[in-house]
Amino acid sequence: MVKRPDPAPQEEVNTISQLRSEVRKNARRFQATFEQAAVGMAHVSLDGRWLQVNQQLCDALGYSREELQNFTIQQVTYREDLADSTQAFQQLLTGEMDTYRGEKRYIRKDGQLTWMHITASLARDEDGEPLYLIVVIQQIDERKKIEEALYRQQQAFQTLAENARDVIGRFDRDFRYIYVNPVATRITGIPRADFIGKTHAEIGLSPRYAEIWQNGLRKVFETRQPAEIEIKYDSDTGPLYYQASLSPEFDAAGNTVSVLSIARDITEQKRIEEERARLLKQEQRARAEAEAERVRLHNFLMQVPAMVCLLNGPEHRYEFANGLYMQIIGNRDLIGKTVREALPDLADQGFYELLDNVYQTGEPFIGNEIPVLIDRNLNGHKEEAYFNFIYQPTRNVDGDIDGIMVHAVEVTEMIRNRKFTRSSQWRLEMAQQAAQIGTFEWLVPTNDIIWTPELEALYGLPAGGFEGKYENWVQRVHPDDIERATSNLQRSIEGGPSYNAEFRIIRPDGSIRWMLGKGETQYDEHGQALRVVGVNIDITERKETELQLARTLEQVGFIAATSKLLVASIDYRDVLAHVIKNAIPAIADWCRIDLHNDRADMQPQSISYPDPVRGTSELSFEELSRVVDADATPSILNTVRQQKKSDLIPRLGRDSYATLTSDASEQKMLRSLRAVSAMVVPLMIEDAIEGTVILVASAERGPYSRADLNIAEELASRVSMAVERARIYQNMQELNANLEARVAQRTEELRQLNADLERSNQELQEFAYVASHDLQEPLRKIQAFGNLLEDEYGEQLDDGKEYLDRMRNAAGRMRVLIDDLLTFSRVATKTMPFTPTDLNMIARDVIDDLEARIQETHGTIEVEELPTIDADSRQIYQVLQNLLGNALKFHRPDVPPVIKVAATIQEADTDNEFNTGPTCVLTVQDNGIGFDEKYLDRIFTVFQRLHGRTEYEGTGIGLAVVRKIVERHGGTITATSTIGEGSTFIVTLPVNHQTKETENLYE
């Protein structure tokens, strides 16, 4: 009898079979996931053998599965990374960590190193005993290259900023410093570290300028556009001006994360601008003085007792006419009109043609007693009048004729009175012959006087030489006696006593004689005086007065024309050339101007210009330019220069020529001119004598008078102002050219610096883009596969779901790590606040981390008692790690390294106002290979090595990092060394880092 199987066990068998089938399916699914994963995956035994590897891992290392499984994980790990791997494995075994994540280098089959990111966890059995390691490996060579490129870009910016002449800084969104270059410390005396994390107000800047900075930074953050601000600081040497260019800096997403500031010293530019403003003000003052002189000249011409007008251009357009001129022609509207338009009644009388000829030829015209038909009352009726007049051409700064000056005196009454007949001629002649006196008859209504020849002879005149007017006689009376002589005569015609007076006259030869005048007045039936008959003498003074008047008017015309040109001139050489060329024959027959100041912009020179009419050689401006010999300066010139006063020599003998000039040729010229008088006038500028003007008169011109000296001094005053004005203009031109050149140079430098910084920022943004896209793509695939497994097989995974969750969590943590790396790359500096740091603890931590290397080299490290200082503990750890690591690395073969670490405290230097307190001097001494001290500066530079990589490994940046950290702490680093004996590195750090308030640093 066959026994049937129990159905219950059969069901269990079926269930087990189904479970096994599901396990096999899950295993196949896991194997598929294992093999198709985008990253390398492996199971590694506890002793390091490869139990199972996928194709991604084989491809990354360049081995086949069979080849790779013949190695241990330790054999393909780069030796410098073994210590970290060993330590991590021990922590996994002891349960100190659940998952290990890190970056290490593996050795490919072709011998090349490849960077991998490792995620490892320990698989355990049901009792918690470790079975094997589950390892996820992702190749990160590209990321490492990008990180290296980022580092190089950061170093390029660092080098550019650290060596710039301008103050360069970066600010975060709270307007706090996140970077500043060494220039800020050189200018302010504040350590760089004291800037970081602080606003301008917090570092001691005055509230006014701190607000300017804050407003400028806020504007850049809000508008995302560059801006400029200008700041003024007060220093011990005076105000300092800075112009800061503010530029936004963006992250990969286009957000403004910081602002870059480049502040340039524009103090010199400001000084030049202020100097230009000062010179402009000085020029305006000079122009005002010139305008005042023009007004004085205008008032002078208005008061001259003669008709004066100025005509401009070839059309003879009225530019000026004085009151007497306007009165005589009927107060017509003249200014701006031509002579033909204003005085049409002069047509067909030849005056238009005379003016045209003077303008075209430059030859003046002098007319005496010229008849003119003029509509004096503007009623259409022309009446005859007589005038003495001069048409004198005027010239511009180039010497070209630009107008005509008209001077005229009306002599109509004099001409009419001459026509009166003389009465009682025979009685007067008899009386004169009998008494040997001169008689006269004054016709009171016409003011005519009739003289006998005897009276003319007594006055030094030939027969018929008297002009016949009452004024002619008055003019021959001595000026001090006119009142006495004329008042007595006036009383006689007003019914007073008979004329009887004693007075002096001046004869033509200059002699003075006293005369007695007697006379009787005759009246008509109405009691009006008709005539005075009497005796009198000589009245030649009118002729001399007319000569002096004409001479004065000619000088006034020269001064007016010269003043117009001097105001317009901008070159002092043109000023001197014009004065010299036009002074003859206006006010002199020979002239010389000497400039003998010490200014570099006005070279001393002497100019003389003789009158060619005298028969002497005409000398050019260039031929007579020469430096004045101070030792040979004549006595008169020396006296004028010392006393700063003019000198008038009314009588100049031939023996006196040497007192004016030491030049033999000029003395000869003065003799040929028959020089009889001279004036020496100083050129004064702001109470300082700048030169002298010598004016000489020939015998024909006659001796100079005090009035001539006044004219010469007026001329010298205008020449001085013109020379100073020209010098100011020249200085302003030079300053403008210098300023424009400086601005162009500084602008080009700023443009180049901005271009370099923009290129650096662009490369940083490109890295951020790569990091935020390409590096995260593999992580997205891991999470996508994980989500797919859970969605499709979640209910079947059982314990595998835990592994799946752990894998996705690891990928998530990896993404967080990349995000943190991106955040780090967007910050200029990554620092910690300064806190009290025990150097003993730091040294112990570093020695613990270097334990493997110490054992490998059989070295010893001796640490003395170290102080506590204010510092960034993490960065101080890096300093000691680099210095001790280098001491272990660069040891002599077969000589165990011996390293000594010590520190001393040095008190503050009380004489240094910027010293903030005591300093810690930390020394690290070794007995290694040493180095040549001529390379001392080189070893602290990035990527600089004294040995090849085959001798000693390393990147060449460790000591550069140490130097930057020390500088950030406000300290210094140096070293001493002897080749073959060892080296000592000396680090000096402030003990305290409290901000020191420095008085008067900022207002």
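Cβ coordinates are placed from backbone N, Cα and C, and glycine is handled just like the others.
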Among ranges 263-292, 473-502, 773-802, 953-982, whichever one TrEMBL labels coiled coil: 263-292
Feature coiled coil in TrEMBL, mapped to one of the ranges 15-56, 57-98, 729-770: 729-770
The domain 'PAS' (153-224) - residue tally per DSSP class, helix then strand then coil: 37 helix, 10 strand, 25 coil
Per-residue pLDDT averaged over the domain 'Histidine kinase' (770-993), given as an integer: 79
DSSP-derived helix, strand and coil totals, residue by residue, for the domain 'PAC' (100-152): 12 helix, 30 strand, 11 coil
